[in-house]
Structure formats: C-alpha cells, structure tokens
Amino acid sequence: MEKVLLKLSIIAVLNGVATLALLPVIPHHIRSLGGSHFLIGLMNALFAGIQVLAGPLVGSWSDLRGRKVVWTTTYLVAVACCFIMGLTSSLYLIFLANILIGTFEHTQILGKAVVGDILPKDRLTEAYGTMGAVGTLGIIFGPILGGHLIERENGFFYVCTFASIVHFAAIGLMQTLEEKPLKTSTFNFQTEVTKIFRDLGSVNWREFWEPFFLRFVVSFAITVVFTSQLVYIGARYGLSQKGAGYYVAFVGLLGIISVILIGWIKKVFYSTKEKQADSRLQLHLFATYTIGLMSMATASTFEMVLIATIPVAFACSGLMIITMEGIVQKSTDSDRGILTGASESVMGIGRCVAPLVSGIIAEFLSEKLVISIPIFFSILGTLLCLKITRQDSRVDKID
C-alpha cells in the first residue's frame, strides 16, 4: 500500500510540473498569435466549466471500466492535445485542444479514487494530505521550467513537448499500479451530470449561503488575480515569461507556507471556545486579502506587486481551509457529502465565471479595471464576515 501511495504521489508531482509548466504561458502565446483578451477569457472559462462537468463522468467511467484503463486512455488524449498545441499556430486548434485537455485530464479525481480502492477509510485523510503535500512541488518547479523554456526560439513548442514527455512518464508509472476488480454497476452519463446540479439544489441556501458565497469570492478573486491578471502584470511592468514563471512559483510557495501555518495561527491566536473565534479569523483573513488586492492594484513597480502578493496568497490559502471548516462544522452526517460536493461546484463556478468576466472587461473597457472586480467581491466578503462576527459575538454573550 505504501508503494502505491508513493507512486501516486510521484504521478501527482509529474502532473503538477507538466500542467503548471504549460498553463501560465498559454495566455501570452495566444496574445502573440493575435488572440484577444476575450478569447483568452472564454477559453479559460470553458476549460474550468468542462472540468467541473467532466470530472464526475470520468470518475464514474473508471468505476465501470477500471481505474488504470480509463486513466491511461484519458491521459493519452490529453497528452496528444498538449503536443498538438505546440505544433500549430492556429488559434482554433489551440482553443479546441485546450478544451479537450480540460475534458479528459482528471489526475486528482482518479488518483483519489485509486487511493479509496486500496486504503481503509480511516487512512484516507492522511493519504490525501500526503499526496497533496508532495504534489505541491509541481506548483513550484512547473512554472519555473515553463518560464525558462518559453523564452527560447519556438519556446511554446518546447514547453508543450516538455509537458508531453513528463505526462508520458506519469502514464508509464500508471501501468505499474495494481488494478482493482471492476464493480458491476451501470454507468449513466445523465445521472452523473445532473448530480452536480442536484447537490446545489438540495442545499439549504438560507442557512449555508454565507460560507458558500465566501468560497465563491475566494475562488473568483484568486482566478482573476493569478491567471488573467498575470498577462496584464507582464505587460504593465515588462515582466518576461521567465520572470512570470518565477512569480507563479512564488505564489505557490506562499500558498504552501500558509497551509502549514494556518493551523498554528488558529491554535495560538484564535484558540477559544467562543463561537466568534473562527469568524474573527475569517474576518481578519478577508481584510488582509482585500488590503493586499488594493495594494496590487495601486503598485507602481513590480517589486511592490511582489510585496502585495504575500498577504493575498497567504490569506487565500487560509480562507480555502477556514471556509471549508465552517461548512463542515455546520453540516450533519446526512448532508456532509452533499455540502462538500456543492462547495466544490461553487468554487468551480467561480473559476469558470472569473476568466470570462475579466476577459470581457479587458477587451471592451480597460485592462486596468480587471483587478477592480476581485477587489469589489473581496470587500463584500469582508463586510459579510464582519456581519457574521457580530452575530457570533451576540450568541457568545447569550451563552
């Protein structure tokens, strides 16, 4: 079992390196081919939306046909599309290939499914945490390698080729995984697609709209800032593609540090039995997030952007954890799974809407106005957190 977990962790690293070597350089490449901001936003929006919809389908398909077969098949399609992107200068082919990658590449879902097949339930959390921690290495090294390769002549071809080779290495490692006997279940595409919307429809929105809205805000804002906004940062401050790669890696490293420290911060500074302790931490993180976004918007040099990025990245990773904890604490055994699934769907909607909105604003209004949208939503989130904190304070006084 430990060998399987090690193999899956290595696959997660390889996938992270390949994916994050390629994704940050795609918008710049599209702009160099004459593509508009709207096209970039539409492509990223469709990529995120299809990922949300196709994930359950691929997972269910693996229940029917076997993890290894489905994982290998879908991964090969994604790798072929990745290589085609590097060979063509057609915006239409790049657009189509990127959408197909979003449809078929679901390493995280299938990797977790394999872990669920081989490990007892009481070890799943530890296993997922180990895979996630090791997989973050890809966040650091992928953008750096991609940034170096893209600055060569025909650099995008080299990035796509590198990503394809790394993906092939992951496919080779997949073939050494043990296969679990197939289930005798019936696969139903319509059922799997509608499950996402059933989850959203079954949520008691009157009770849970606040934490769901906060997760949407975090997802929306971070997608704009560290995907769409990256193109505008490069243009405004003369940042090279190599520099952009290091910047994305810097953001990833800050996120890792935040995940490590947030538990300690909560224990040391917010460890009370009062209900408002968690809401105060949430408020402080959102306030930090908002101030950081405003600082990024008003930064006159790239060095100031780097400084402003520290609170933004730190608060974002912390909010991902804290807002999820808030949902889990409010849930019961009977609805925890539905709420968790709905929470991921809400974040997926944020990742889908964000690039489309930012692309429209950049194309038809001004690139400078793009960051004003996440700032606006972040201010709303901060005000909502302030309201929640005051409500919890009154409850503590009554108790």
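Quick reminder: no glycine exception, Cβ is built from N, Cα and C everywhere.
Unlike curated records, TrEMBL annotations are generated automatically.
Taken from TrEMBL, the feature domain 'Major facilitator superfamily (MFS) profile' covers 4-393. Here TrEMBL flags 6-26, 38-55, 75-101, 128-150, 156-174, 212-232, 244-269, 281-299, 305-324, 371-389 as transmembrane segment.
Among residues of the same chain six or more beyond the transmembrane segment (38-55), those with a C-beta under 8 A of the stretch's C-beta atoms are 26-27, 30-31, 91, 95, 98-99, 101-104, 106, 109, 193, 196, 223, 227-228, 231, 345, 348-349, 351-360, 362-364. At the 8 Å Cβ cutoff, the transmembrane segment (156-174) and the transmembrane segment (6-26) share at least 3 close pairs (sequence separation 6 or more) and count as touching. Here the transmembrane segment (212-232) has long-range neighbours at 24, 27-28, 31, 37, 40-41, 44, 48, 203, 205, 244, 247-248, 251, 282, 286, 289, 293, 296, 312, 316, 319-320, 323-324, 326-327, 342-343, 346-351, 353-355, 357-359, 362, 367-368, 370-371, 373-374, 377-378, 380-381, 384-385, meaning same-chain residues at least 6 beyond its ends whose C-beta is under 8 angstroms from one of its own. Residues belonging to the domain 'Major facilitator superfamily (MFS) profile' (4-393) score a mean pLDDT of 78 in the model.
Long-range Cβ contacts of the transmembrane segment (6-26) within its own chain (Cβ-Cβ under 8 Å, at least 6 residues beyond either end) map to 43, 82, 85, 94, 98, 105, 107-108, 111, 114-115, 130-132, 134-139, 141-143, 145-147, 149-150, 155-156, 159-160, 162-164, 166-167, 169-170, 173-174, 176-177, 227, 230, 241, 244-245, 248, 252. Contact between the transmembrane segment (305-324) and the transmembrane segment (371-389) does not hold: fewer than three of their C-beta pairs are under 8 Å, each pair 6 or more apart in sequence.
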